[in-house]
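Undergrad: Below is one structure. I have some questions about it.
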Amino acid sequence: MKSKNILIVDDNDLNRKLFENLVGQIWSYQTATDGLEAIQKVKEDKFDLILMDIQMPKLDGISALKQIRASELATCPIIAVTAFADESDRAAFLDQGFDEFITKPIRPREFLEKIQKFLDISQEKDSKSPDKMNVKDVILDIDVFQQLGKYNNPQMIKKVYLDFIEESMGILEQIPKELENNNFNKVAEFLHILKGNSGTLGVNRVFIEAQKAELLAKEEDKSNLLSQHEKIQKEIESFLNYLNEATIFES
């Protein structure tokens, strides 16, 4: 029986599935898709740790944290998990009352180690540094795959990647429509999601092209953005071909 209970709070379906796959093989978990639902879950059950996304509908993560602490609903560690900040923002999040701060895209190994730290689980630390890789030449970060493989079978991991492709194609389908209306803010928002998801899953080439496209959207560079949109589509198609051909997904 799994002795620890973790609450995963994230409005992004793909992120939530990834966290469930990582967390669920070691600890028990429940999920919430916004701050209000998280507060309700905390009222109904006891949690040993909460993973809290920051930007969510209905109630954001910071507001949810403050309500949970003010009402003394939970005293467990609450870790902020966000794509809208970097390490320089750590102090600000800790000042808000979070116990720790994790940036998206997450690195699965570090992600689990931070959870283990706050759950007081003894673990021998691996001092070996991960090998450096030429990211732009690698379709899939094998380190990410191997980390996922510790807690899931290859077919389950492949399903996560296929879900990623489906969601990504849906995002790409909407971008030209938004560009027709010069809605660059919406395009940047879509690309930020795509960048975060691809980075979290180690889909390196898609991550790199999505990162470039997001910058173009912020600069409102429509012509280059359309060209970059095509590059992302090609990289996703290449990744799908890789999924179908790679032997690492064979059980």
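Cβ from N, Cα, C; glycine included.
What TrEMBL records for this protein is below:
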type	residues	note
DOMAIN	5-119	domain 'Response regulatory'
MOD_RES	D53	4-aspartylphosphate
DOMAIN	153-251	domain 'HPt'
MOD_RES	H192	phosphohistidine
COILED	208-235	coiled coil
Undergrad: Pick from D53, H192: which of these modified residues has the biggest number of other Cβ atoms within 10 Å of its Cβ?
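TA: By the 10 Å Cβ neighbour count, D53 comes out on top.
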Undergrad: Could you say whether, by DSSP, the residue listed as '4-aspartylphosphate' belongs to a helix, a strand or a coil region?
TA: strand
Undergrad: Measuring Cα to Cα, how far is the residue listed as '4-aspartylphosphate' from the residue listed as 'phosphohistidine' in Å?
TA: 15
Undergrad: For the domain 'HPt' (153-251), give the DSSP counts of helix residues, strand residues and coil residues.
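TA: Result for the domain 'HPt' (153-251), in helix, strand, coil order: 86 helix, 1 strand, 12 coil.
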